[in-house]
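Notes follow the structure.
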Amino acid sequence: MKYDLIIIGSGSVGAAAGYYATRAGLNVLMIDAHMPPHQQGSHHGDTRLIRHAYGEGEKYVPLVLRAQQLWDELSTHNEEPVFVRSGVINLGPENSEFLANVAHSAEQWQLPVERLDATAITSRWPEIRVPENYIGLFESESGFLRSELAIETWIRLAKEAGCAQLFNCPVSAIRHEGDGVTVVTEDGEYSARKVLISAGTWVKSLLPELPVQPVRKVFAWYQADGRYSIKNKFPAFTGELPNGDQYYGFPAENDALKIGKHNGGQSISNAAERLPFAEVASDGSEAFPFLRSVLPGIGCCLYGASCTYDNSPDEDFIIDTLPGHDNTLVITGLSGHGFKFASVLGEIAADFAQGKPAAFDLTPFKLSRFK
């Protein structure tokens with residue numbers, strides 16, 4: 001049997017692609033080395049932010065706006081919504097390059113972003129403390145996503161639509177042959193007209209030439225009371241310290257507030273090097289500088305987890321076909337800010353499988369930029 005599309009890596013992007021391609025009428029096989037959603041990639045830990053006025057560059061805004069439409073649609077398939085519109089407050093010094101990019105993206109795309117000075121920030125959210133030279137850019141329409149619920153939903157919907165799924169089955173090789181691609185697994189060989197490689201952190205085990213560096217990261221949950229909950233209108237947030245360190249976090253749920261540091265981490269070369277939380281000395285204290293200065297009412301660390309970023313050299317995505325193989329699409333290098341785009345990236349992969357041109361300018365994400 002020859003599939004229309006085989007997906008290698010069925011985490012965030014792969015799960016979305018499996019659903020959207022199957023829904024479009026294609027014969028699809030989803031493969032994953034584990035049973036998604038799982039703890040071995042970048043999608044676990046309950047929640048991920050979604051921001052529209054994008055501080056990483058306005059080239060992402062059309063993608064994230066389409067992603068939001070797809071998240072809203074996905075939320076209709078569950079009693080518990082995948083997307084929670086908590087609002088996101090972006091905090092930092094008034095001369096922050098990241099905040100300047102947020103403001104520019106908002107202006108270019110007429111997005112609702114409210115600028116607050118330090119006094120206004122503390123007045124609205126007394127739990128937050130910032131220096132006098134800080135500003136906040138508040139995105140009322142943004143919020144957070146329930147990442148594992150999203151993947152569970154896509155996988156369920158894809159299966160119900162007739163998608164074949166092969167999990168707990170690593171891929172060992174890919175062969176390009178004539179008019180198709182053969183994927184070699186522990187379970188046998190499978191062929192397709194086209195392949196999506198969305199293998200996340202460990203994509204280099206299949207494609208060692210890709211410029212992707214795995215980085216071990218951690219996030220943790222800290223003791224928090226009802227003041228920090230979404231019921232009290234406490235928002236999700238990003239925060240930049242005066243030294244440039246970047247943090248992100250979420251409203252407290254069940255008296256626990258989740259926070260992580262975006263920059264930093266440990267470069268690794270294999271899965272065994274991704275040590276569990278607390279096995280690196282700095283894990284438990286990584287968020288302390290932010291919590292002490294910005295959220296001083298937060299209590300002790302309750303628990304945490306480690307994950308991985310698949311970083312590209314410029315921390316922009318890689319969305320491109322393999323050189324010389326137009327039937328093989330690679331989506332990788334999401335660099336720790338990719339989950340919010342998983343829905344639209346899955347749709348892009350489904351369009352690729354159908355032979356449709358991309359609905360977006362993907363030039364900034366081509367592999368050729370690294371030559």
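From the backbone N, Cα and C atoms, a Cβ is placed for every residue, glycine too.
Summarising the annotation, Swiss-Prot assigns FAD binding site to 4-34. If you look up Swiss-Prot, you'll see Cys307 marked as S-8alpha-FAD cysteine, on the strength of sequence analysis.
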Residue with minimal Cβ packing [other Cβ atoms within 10 Å] among the binding-site residues Asp4, Asp32: Asp4
Among Ala16, Ala24, Val28, which are binding-site residues, the residue with the most C-beta atoms within 10 angstroms of its C-beta: Ala16
Local Cβ density at Ile8 (FAD binding site) - other Cβ atoms counted within 10 Å: 25
Cβ neighbour count (within 10 Å, all chains shown) around Cys307 (S-8alpha-FAD cysteine): 22
Intrachain C-beta neighbours of Tyr20 (FAD binding site), sequence separation six or more, cut-off 8 angstroms: Gly346, Glu347, Ala349, Ala350
Ala16 (FAD binding site) - helix vs strand vs coil (DSSP): helix
Integer Å distance between the CA atoms belonging to Cys307 (S-8alpha-FAD cysteine) and Asp4 (FAD binding site): 32
